[in-house]
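Here the structure is laid out as structure tokens; the discussion comes afterwards.
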Amino acid sequence: YLVSPAAYAALGAYMFLLILIGFPVNFLTLYVTLEHKKLRTPLNYILLNLAVADLFMVLGGFTTTMYTSMHGYFVLGRLGCNLEGFFATLGGEIALWSLVVLAIERWIVVCKPISNFRFTEDNAIMGLAFSWVMALTCAVPPLVGWSRYIPEGMQCSCGVDYYTRAEGFNNESFVIYMFIVHFPIPLSVIFFCYGRLLCAVKEAAAAQQESETTQRAEKEVSRMVVILVIGFLVCWLPYASVAWWIFCNQGSDFGPIFMTLPSFFAKRPAIYNPMIYICMNKQFRHCMI
């Protein structure tokens, strides 16, 4: 054991809790959407994609981590490490880029930078395809030699190799690519789109002399923006910051928990996403009931 058995027990219990909550909520999202025709709208296709991404993380990542935590190390070998790392990365990236597509959709529909544009089913499918392509450009390279997946932290889950400059894997270039394309860019897009969305609501409220309806709309959008931004940062910023520090300070001494804690903070969107995008949607709530 790299740390005390109690830490592995706590990790296993945490993963069990994520599975216990994340699987039924995301599965329910899929079921309700497929069951109720009125929910099959272009916007909800993106929400459905989030649920699929979260299920990838739950079934492909969380279950494996819970199992390996019972043994105190990653017992599934190189193939198991590649599969766990791939599915966990794929699910997280699909969710991340789905949030970007959703932010762009909200900006275009509400702020109308393109006059007479209507978000259609074809646009939604293009957005979904984009999210999958971007996710695969992050999750596949470590399987084919551009970087690699290795056990990290407490050695119960696998992630991209930020830790070494292993010869032949070009870890440095892949990590730099990840930290340019797969973190600041999506974060900047989300901030820009929701910032413009909030400004548009404020302008509409001012033009209508702060009517009760527009005040309520401004409040709802403000709350959604705050939740989105905080949720994104809380989940991803600790992991990205620690991973970048490790990459820049390879060879430095740090304990296994140093990387374990932020990596499992980043797994919480499997619970956050349905809460933010589904439970705050009245139509979804009514259909679930």
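Glycine too: its Cβ is placed from the backbone N, Cα and C atoms.
According to Swiss-Prot, Ile114 and His286 sit on the same side of the membrane. For Cys81, the cysteine that Swiss-Prot lists as its disulphide partner among Cys138, Cys156, Cys158 is Cys158.
The stretch from 8-32, 82-104, 224-245, 258-279 that makes the most Cβ contacts under 8 Å with the transmembrane segment (45-67) is 82-104. There are 22 other Cβ atoms within 10 Å of the Cβ belonging to Cys81 (disulfide bond). Long-range contacts of the transmembrane segment (82-104) within its own chain (CB-CB distance under 8 A, at least 6 residues past either end) are made by residues 43, 46-47, 49-50, 52-61, 64-65, 76, 127-128, 130-132, 134-136, 138-140, 142-143, 149, 157-160, 182, 186, 189-190, 193-194, 228, 232, 236, 266-267, 269-270, 273, 277.
A 10 Å cutoff on Cβ-Cβ distances gives Lys267 (N6-(retinylidene)lysine) a total of 24 other Cβ atoms nearby, all chains included.
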